[in-house]
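Asker: As annotated in Swiss-Prot:
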BINDING   Glu64, Asp83, Leu85  Mg(2+) 1 binding site
BINDING   Asp83, Asp86, Glu226  Mg(2+) 2 binding site
BINDING   Asp86, Gly87, Ser88, Ser89, Tyr189, Lys220  substrate binding site
Amino acid sequence: MQEVISYIQKAVLEISNALKFPDTSYSQNQNFTGDTQLKFDVLSDGIITKTLSQCSSIKAIISEEKDEILTLNERANFIVAYDPLDGSSLMDVNFAIGSIFAIYEEKASAKNLRAALYSMYGARLELVICKDQPKLYRLNANNEFIFIKDLKMNEKGKINATGGTQKFWEEKHAKFIKSLFDEGYRLRYSGAMVSDINQILLKGGGIFSYPATQDAPNGKLRAFFEVFPLAFIIEKAGGKTTNGKNHSLLELEFDKIHATTPCFFGSEYEISKLLKAYNE
C-alpha cells in the first residue's frame, strides 16, 4: 500500500504546481451527478489518472469526474477512489481547496477501506495520510513531505461548519444548529468540505454537517470519494461520524459508485448531541 501512497503524493505535487497558474473557467461538460466541470477539474482528474496508472499495485480507480470504474490491473489488490479537486468552485476567489483519496482493498466498500488521504492546496501544501492514525505532512523547500504531527480530536470543540441550503433544512436540524450557536460555537463554513474537515481536525474538534434537505433528501456528498475517506480519518483521530441514524458512516453500504448520503463528522460531544436531537 505504501507504493500507492507514494504515487498519490506525486499526483498531489503535480496538481499543486499546476494550481500556481490555473485556468479557472468552466468547460462545456458535466460530471455524472450533473455538476458543470471546471477545466481544472478535468486537468486534475487527468493528472491523477495518468499518475496512478503507473502504479502496478492499483487494480482500478474511481473518480468523481468519471462515470464508471476504470480498471488498470486486474491482478492488483487496491482500488483508489478520489475527488480530484474538492471545492473547485472556490478557485475564482482563491480559497483553500484539496484532493481526497480512499484506498480500498479488493472491493470498494467502507469495510474494505485501508487508508485515506487528503491534500490541502492553501498557503502551503499539506497532506494528511491515515492508516492507523492521521498524520500531517508538509512540503518543504526540497519538495519533500515532512512529518509535522499526529492529529487527534478533543472530546468537544467550538467550530460549527454546516452546509445545505437553510430554507430546506428539516426543523430538527435547524434547532440543533441553533443550540450549538446558543452554546457559543463559531460558524466556520467555506463551501469546501475538505477545508472544513481539515480545520476541525487541526483545531482539535467541532462538527461538520451536511444534512438531508427537502431538495436533497439523500444529501449531496458522495460516499466513496468524500464521505468514507474523511469519516475514516475523523474516526481514527478519535472523533465520531453518523448519517443521523447510524453510529458510524463507515457502517453504510452502497451499490452505486456515485451514491450520496447525509453526513456528520465531529467530536464525541457534538455527534452525541446530534443523535439525541435527531432521534428524540
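Including glycine, each Cβ sits where the backbone N, Cα and C put it.
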Asker: Can you tell me which binding-site residues out of Gly87, Ser88, Ser89, Tyr189, Lys220, Glu226 are within 10 A of Glu64 (Mg(2+) 1 binding site) by Cα, answering none if there aren't any?
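Answerer: Passing the 10 Å Cα cut: Glu226.
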Asker: Counting across all protein chains present, how many other Cβ atoms fall within 10 Å of the Cβ of Leu85 (Mg(2+) 1 binding site)?
Answerer: 32
Asker: If you count Cβ atoms within 10 Å of each one, which of the binding-site residues Ser88, Ser89 comes out on top?
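Answerer: Most Cβ neighbours within 10 Å: Ser88.
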Asker: Check each residue in the chain of Asp83 (Mg(2+) 1 binding site) that is at least six apart in sequence and keep those whose C-beta is under 8 Å from its C-beta; list them in sequence order.
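Answerer: In sequence order, the residues whose Cβ lies under 8 Å from that of Asp83 (Mg(2+) 1 binding site) (at least 6 apart) are Ser63, Glu64, Ser99, Ile100, Val194, Arg222, Phe225, Glu226.
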Asker: Neighbourhood of the Mg(2+) 1 site (Glu64, Asp83, Leu85): other residues with Cβ within 8 Å of the Cβ centroid, in order?
Answerer: Asp41, Ser44, Asp45, Ser63, Glu65, Tyr82, Pro84, Asp86, Ser88, Ser99, Ile100, Phe225, Glu226
Asker: Excluding Asp83, Asp86, Glu226, please set out which residues of the same chain place their CB within 8 Å of the center of the CB atoms of the Mg(2+) 2 site, keeping sequence order.
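Answerer: Sorted by sequence, the hits are Glu64, Tyr82, Gly87, Gly98, Ser99, Ile100, Met193, Val194, Leu221, Arg222, Phe225.
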Asker: Would you mind listing, in sequence order, the residues at least six apart from Tyr189 (substrate binding site) in the same chain with a Cβ closer than 8 Å to its Cβ?
Answerer: Asn160, Ala161, Thr162, Gly163, Asp196
